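*Asks:* Pasting a structure here, questions to come.
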Amino acid sequence: MEESFVPFGGIKNDIKGRLKCYKQDWTSGLSAGFRILAPTTYIFFASAIPVISFGEQLERDTDGVLTAVQTLASTALCGIIHSIIGGQPLLILGVAEPTVIMYRFMFDFAKNRPDLGSQLFLAWTGWVCVWTAILLFLLAILGACSIINRFTRLAGELFGLLIAMLFMQQAIKGLVEEFHIPERENPKSVKFQPSWRFANGMFAMVLSFGLLFTALRSRKARSWRYACGSLRGFVADYGVPLMVLVWTAVSYIPAGTIPKGIPRRLFSPNPWSPGAYENWTVVKDMLKVPVLYIIGAFVPATMIAVLYYFDHSVASQLAQQKEFNLRKPPSFHYDLLLLGFLTILCGLIGIPPANGVIPQSPMHTKSLATLKHQLLRNGLVTTALQFIHKNASLGQVYERMQEAYQQMQTPLIYQEPSARGLKELKESTIQMASNMENINVPVDESVFDIEKEINDLLPIEVKEQRLSNLLQATMVGGCVAAMPLIKKIPTSVLWGYFAFMAIESLPGNQFWERMLLLFTAPSRRYKNRTIQNNCHVDDIPNHILVCLFRDYLGSGRRGSFPIDDHAFGSCETICFAQVFQRGTPSRFGCCRVRRITGCTVQPYNRRRAGYDSFLC
């Protein structure tokens, strides 16, 4: 993204870039067929379940003024609008925990003011949303999103890790509360006797850990040894929502004379119940708010605007990380402008506003990367089998697969076709083919294992489209009408899903992976093996001292020590090749290192370690 602090410059560039691929955003989703339902269902549960939980939390904090009906309606409304006219369709919008916390503070402030009270709480929050939108408009128009380039990956991953910790904290807190008496409940009820509270808590742990374990296992179903490939693929695509249904069904297993209310289930009023729709007409009460409080609404609006600016931008940034290899342009400025309009809309109809959420947004991108991988893989498997049956050699099969891969790429209207191709064949495969009498002889599946090799050849790509975002937002809106069914889900299943989301968001977070290295045995760390008699440059300080010592000798005392200057050159070369990240083979000459020291320079696994470094 180019930095543009010219008023309206960033918005203009974003709209121009996204309009060129707007049609392709829809055709790309439709071309996936029914396979688009897998990432749609996956992200729907990841979006709806936390929103329902936050709605329950709001219902307790606001004395029933706001409920899960309002949080679901906000998530659905903002999600549908953003998926249709938004800039970045990979970004998922929803009511987040920070919004819930801010609304709790504002309600505590309003209910203690006689000239506001709970009656004018929503009208006052409407003014807060108006001020928030004005600030977001100014940030978007003045190009404040250009500063996003200054947000390093560390900042984004730290924020993502914080959100994951909050989800895990909520899961643990919810499980602990299963052993306690809920607020606003009759403590003399039979189900709240100590023995039944303990039974409810233990059953909740079974449901939560059962969902967590089975959901994590189902995501890796494609690598199972059991069942056929189509069944494994179905479990991997739809296993998580299926596990929610399975463990909800387990909670209904009859077990004698258990009191009603064990296990505890979600609570929310139906959308057609009395009082559930009063907030939709809050705009007519906004003029009843005293002028002093209208002006004072600027204070919480400032905090919300800063929060949305950072949260919305980081969520979009994490959904567009470099390793996803996205081909379409970002849209930070325009999306922030659109968020301002959505905030005003939500404030005028009395529902909490939605913004870009973590970890749902990067989870959405990862699920679409899996979809793209499956579509490409199926085409390449067909091509490889076709030419293997024609007795083609390994080189011919690889060449035909390259051609098929390029044909399956959809060139962008405003760009040249992608030059990205398949990765190189593994050395083991080439070695097996070379051991044959002639490398050009027909290859069979004993040499080229199609099922395994193609997964290694495919680069990471994402199916960039709008359909999955639109469908999941529509399904969230359908939850409002399906509230009687949703209330049958146990709260313990919800806590297990929170823990699943926290764990699912960690893979790919380099900060988390490097934290794990602190507890990883040295023999298990990301480090290539070195051949015997190789020199080791792990001890960087020693080599720095050697280089400094050489410079000291260069001041006129080099002849005093019988140390070969060539040896110093060797140490200097290897040392600086280790210290400087990008300079090793080209800047200092890999051949020189081999000639002097007789060892081979081996690269770290950059993809896993995340940085450039070389071992000698």
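For all residues, glycine too, the Cβ spot is worked out from N, Cα and C.
Okay, these came from TrEMBL:
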type: DOMAIN; residues: 7-181; note: domain 'Bicarbonate transporter-like transmembrane'
type: TRANSMEM; residues: 32-52; note: transmembrane segment
type: TRANSMEM; residues: 64-85; note: transmembrane segment
type: TRANSMEM; residues: 121-142; note: transmembrane segment
type: TRANSMEM; residues: 154-176; note: transmembrane segment
type: TRANSMEM; residues: 196-215; note: transmembrane segment
type: DOMAIN; residues: 201-373; note: domain 'Bicarbonate transporter-like transmembrane'
type: TRANSMEM; residues: 235-255; note: transmembrane segment
type: TRANSMEM; residues: 291-310; note: transmembrane segment
type: TRANSMEM; residues: 331-351; note: transmembrane segment
type: DOMAIN; residues: 460-522; note: domain 'Bicarbonate transporter-like transmembrane'
*Asks:* Honestly, do the transmembrane segment (64-85) and the transmembrane segment (331-351) touch, with at least three Cβ pairs under 8 Å and pairs 6 or more apart in sequence?
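*Replies:* Answer yes: the transmembrane segment (64-85) meets the transmembrane segment (331-351) with 3 or more Cβ pairs below 8 Å.
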*Asks:* As a quick check of your reading of DSSP, tell me how many residues in the domain 'Bicarbonate transporter-like transmembrane' (460-522) are helical, how many are strand and how many are coil.
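*Replies:* The composition, in the requested order, is 42 helix, 1 strand, 20 coil.
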*Asks:* What residues elsewhere in the chain lie close to the transmembrane segment (235-255), defined as a C-beta under 8 angstroms and at least 6 residues from its ends?
*Replies:* 38, 41-42, 44-45, 49, 203, 207, 210-211, 214-215, 217-222, 227, 263, 488-490, 492-493, 496-497, 500
*Asks:* Same-chain Cβ contacts of the transmembrane segment (291-310) under 8 Å, 6 or more residues past its ends?
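*Replies:* Tertiary neighbours of the transmembrane segment (291-310) are 98-99, 102, 105-106, 113, 115-116, 124, 127-132, 134-136, 139, 144, 159, 336, 339, 343, 353, 355.
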